[in-house]
Amino acid sequence: MQRILIVEDSKMVQQVLRHLVSQYLSVPVDFAASLRESAGLIKNNKYTLALVDLNLPDASNGEVATLTLRCGIPTLVLTGSIDEFKRQQMLEMGVVDYVLKENRDSYTYAVKQLAQLLGNQGTKVLVADDSQTSRTMMRQNLERLLYDVEEAEDGEQAYEKLLADESIKLLLTDYAMPKKDGFELVKSIRSKRGRDSLGIIGISGSGSQSLSAKFIKHGANDFLTKPFAPEEFHCRVMMTMEQLNLIETIKDSANKDYLTGLYNRRYFYQAAEQKVAQQSVLSLAVIDIDHFKQINDTYGHQAGDEVLSFLSNKMASQFDDALMARLGGEEFAILFSDEDQDAAFEKLDELRFSLSNIQVEAAGQFISFSISAGVAQLQQDEELTDLINRADVALYDAKGGGRNQVVIHQ
Ligand SMILES: Nc1nc2c(ncn2[C@@H]2O[C@H](COP(=O)(O)OP(=O)(O)OP(=O)(O)O)[C@@H](O)[C@H]2O)c(=O)[nH]1
């Protein structure tokens with residue numbers, strides 16, 4: 001369970017922060033106004049992150065940051081002023097970042113940082129560098145930002161890792177490496193993994209500005225020139241990941257249904273066309289909620305929406321390998337790869353049966369509902385539209401046969 005601690009003694013700033021937290025964070029947040037209060041909260045809770053003011057009535061020299069860091073809580077610092085000595089001191093202490101309290105924008109920045117750091121957890125980053133010292137330094141900086149870090153000691157190894165593991169979302173690569181240099185690595189991996197799947201930051205030595213430009217030309221999103229300040233490293237990594245997340249959001253809004261999070265009809269047809277062209281054994285199901293109009297009429301449209309979301313989540317958890325979409329209204333499609341119609345039937349009937357024993361709680365009421373489904377197996381040289389039409393015919397038979405059933409197209 002994730003939880004955040006915010007330590008700030010000014011009532012006015014706390015109020016601003018509380019408002020921003022409600023806007024940007026969806027995890028529980030505790031507020032403290034002193035070192036003493038913070039210590040009490042830390043004793044009784046496990047915190048994922050902390051945002052702390054360095055100047056508190058009972059601790060005016062950043063003692064609260066020392067406490068949170070000592071307890072292993074990644075910490076962002078709010079400070080009224082900063083000079084080189086203080087900056088060095090904080091970086092040496094290992095704070096994630098510091099935010100100067102200037103205006104409302106500073107607090108927005110700080111809370112957005114918390115949100116992004118929460119999102120970083122579980123995100124894999126690969127560091128490719130032949131120098132163990134550089135890798136360790138970057139690992140420490142990245143772990144401070146809560147990333148999961150992997151290492152490669154040459155370009156070839158990095159390439160293999162990136163190809164084998166699509167869940168690596170960011171590559172930090174040095175230029176001079178054995179087997180495959182940084183440019184070759186960026187060029188070759190870019191042809192396999194686009195800007196929507198992998199962020200790349202090239203790292204070059206000092207006095208080699210042309211290398212930085214070359215990294216960008218080969219497909220990197222950004223670059224860093226050694227030696228770099230931890231703040232610059234932090235900003236460039238966070239900015240590159242922000243770009244990647246933005247592309248993901250845009251892709252999702254084009255391909256997914258807003259209400260259920262399942263793919264939409266357009267994406268489903270595109271992706272299903274590809275599968276039909278590649279695979280010989282596959283089955284397609286069209287699912288429809290029975291008497292859905294009645295659910296809307298009885299419980300309201302909002303409750304109807306909740307039933308649609310409930311069914312979508314159930315389908316997504318039960319058929320995680322299948323391609324699924326909301327075709328429109330209360331109609332869904334599922335494409336089962338490598339499954340014949342009997343195997344698909346078994347799975348759908350299991351879903352149908354499990355739903356008949358469940359009540360969805362929506363708008364303070366308990367709603368029962370059932371589904372009907374039609375299944376068809378791909379025949380030789382069959383087009384996707386014909387396959388869908390046959391599944392539709394089977395669905396029609398299921399409705400005609402009394403609903404709450406799965407029918408295979410014969
Ligand atoms: N709540 C909600 N309702 C929707 C949405 N899209 C379509 N509907 C409703 O879904 C209902 C579909 O009704 P019908 O096509 O008559 O089908 P049905 O009542 O399920 O009857 P059968 O399919 O014959 O069992 C209509 O009342 C639509 O207004 C949506 O996004 N949310």
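Cβ coordinates are placed from backbone N, Cα and C, and glycine is handled just like the others.
In TrEMBL, annotation is done automatically, which means it is predicted and not curated.
Sequence annotations record features per position, and here TrEMBL assigns domain 'Response regulatory' to 3-116 (among others). Note on the domain 'Response regulatory' (3-116): mean pLDDT across this stretch is 92.
Residues annotated as 4-aspartylphosphate in TrEMBL: D53 (among others). For D53 (4-aspartylphosphate), the same-chain residues lying six or more positions away in sequence with a CB closer than 8 A to its CB are V7, E8, D9, S10, V13, V64, V77, L78, T79, K101.
Residues or ranges marked as domain 'Response regulatory' by TrEMBL: 124-241 (among others).
Neighbour count (other Cβ atoms within 10 Å of the Cβ, all protein chains): 25 for D174 (4-aspartylphosphate). DSSP gives D174 (4-aspartylphosphate) a strand state. According to TrEMBL, the feature 4-aspartylphosphate maps to D174 (among others).
Feature annotation from TrEMBL assigns domain 'GGDEF' to 280-410.
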Residues in the domain 'Response regulatory' (124-241) grouped by DSSP into helix, strand and remaining coil: 54 helix, 27 strand, 37 coil
Seg_contact(the domain 'Response regulatory' (124-241), the domain 'GGDEF' (280-410)) with at least 3 CB pairs under 8 angstroms, min sep 6: no
Counts of helix, strand and coil residues, the domain 'GGDEF' (280-410), according to DSSP: 59 helix, 39 strand, 33 coil
